[in-house]
Amino acid sequence: MNNTAHSMSEKVLLVASLEAARYGQYQQAVKGLQAESGLLETHMIDRITDLAYAPPADYFDAVYMMLPSEGVEWAAALPKLRASMIPGAKLRVSVVNENDPSSFLSQVRAELTIAGFTDIQTYENASIESRRPASSSVAEKDSTASSGMGAVKLRRKPNENGGHQQKKALLWATQPETHMDTEAKLQEHARTVSPASRREDCTVDFSAPRTRRKRACKGCTCGLRELEEEDERNSNLVQLDPSEVGGTGGKRTEVTTTVKGPNGEEHTVRRIQVDTRGATSSCGSCFLGDAFRCSSCPYLGLPAFEPGQKVEIPANMDDDL
């Protein structure tokens, strides 16, 4: 490694590798630099690439590197070394024990260019030398002059009043704010019943919450089906049978008996005997159901039917409403 003479006031950094120490090149370089420079600092390449290490900024006048052709983290080492060098300082890289250093020097040349070094020169003794730019402002000035063009900042065109265009007001920002509670409107509509659907003598409270009994599903396993079957066995049926009609003038007679259903289960039945043939109706709508009957109608509570038709009503029918 051919070293350039240094003054005793210059600070020099030597970065080497284990290969350079194995072949004795590192020890020879240390002796030569100690005799020529005032202050010599030595580090292995692993120390430089360590993320925890940061060399002093703008400190060294020259940096020498003795490295192998492979296994060097240039992207981590060169930026640190460049920051530790004073402007205009030189960096010299030498390859250790390489038979064909041309490919190595080409790689190092590219890495030095990427790191921002200038004045890169290659020597026959398998070494390459470069320098840190003297000033970043000078480099920028030179690049601008060489291209013959400079960046021109574009200005916004002013309007007729001499000022910049004003932002247009949003259309919805000029309208008054209106708040509508959709949920409250829906609840109010559900509670309100139109007058056309209510009769004068209707006593049903439509504002009260309605309940619906849950029915057992097809594959019920929670016991609800057993409860329904028990309720069905104990339920009362209301039958209107024209063959058992007795009395006159629409009179109504109730008889409670126990009968067996088609499946052999017993049911308590309340029979209501009504003479529909003798009943009179001023409205003619008594047989259409409770919605068309007066409050004093003798058929109030019975479903819609025709004279002579058999009707059966479970006593717990109101659970489904």
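Glycine too: its Cβ is placed from the backbone N, Cα and C atoms.
The following features are taken from Swiss-Prot:
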- C202, C217, C220, C222: [2Fe-2S] cluster binding site (BINDING)
- C283, C286, C294, C297: [4Fe-4S] cluster binding site (BINDING)
- 128-138: compositional bias 'Polar residues' (COMPBIAS)
- 1-140: region 'N-terminal SAM-like domain' (REGION)
- 128-166: region 'Disordered' (REGION)
- 140-177: region 'Linker' (REGION)
- 202-222: region 'Fe-S binding site A' (REGION)
- 239-263: region 'Disordered' (REGION)
- 283-297: region 'Fe-S binding site B' (REGION)
- 283-286: motif 'Cx2C motif 1' (MOTIF)
- 294-297: motif 'Cx2C motif 2' (MOTIF)
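Swiss-Prot feature annotations superimposed on the structure.
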| residue | record | Cβ neighbours (10 Å) |
| --- | --- | --- |
| C217 | [2Fe-2S] cluster binding site | 10 |
| C220 | [2Fe-2S] cluster binding site | 13 |
| C222 | [2Fe-2S] cluster binding site | 9 |
| C286 | [4Fe-4S] cluster binding site | 23 |
| C294 | [4Fe-4S] cluster binding site | 16 |
| C297 | [4Fe-4S] cluster binding site | 17 |
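Distance noted between the C-alpha atoms of C222 ([2Fe-2S] cluster binding site) and C297 ([4Fe-4S] cluster binding site) is 43 Å. Here the motif 'Cx2C motif 2' (294-297) returns a mean pLDDT of 72 for the predicted model.
For the region 'N-terminal SAM-like domain' (1-140), the number of residues in each DSSP class (helix H, G, I; strand E, B; coil) is 52 helix, 42 strand, 46 coil. A Cα-Cα distance of 41 Å separates C220 ([2Fe-2S] cluster binding site) from C286 ([4Fe-4S] cluster binding site). Residue pair C217 ([2Fe-2S] cluster binding site) / C286 ([4Fe-4S] cluster binding site) shows a Cα separation of 37 Å.
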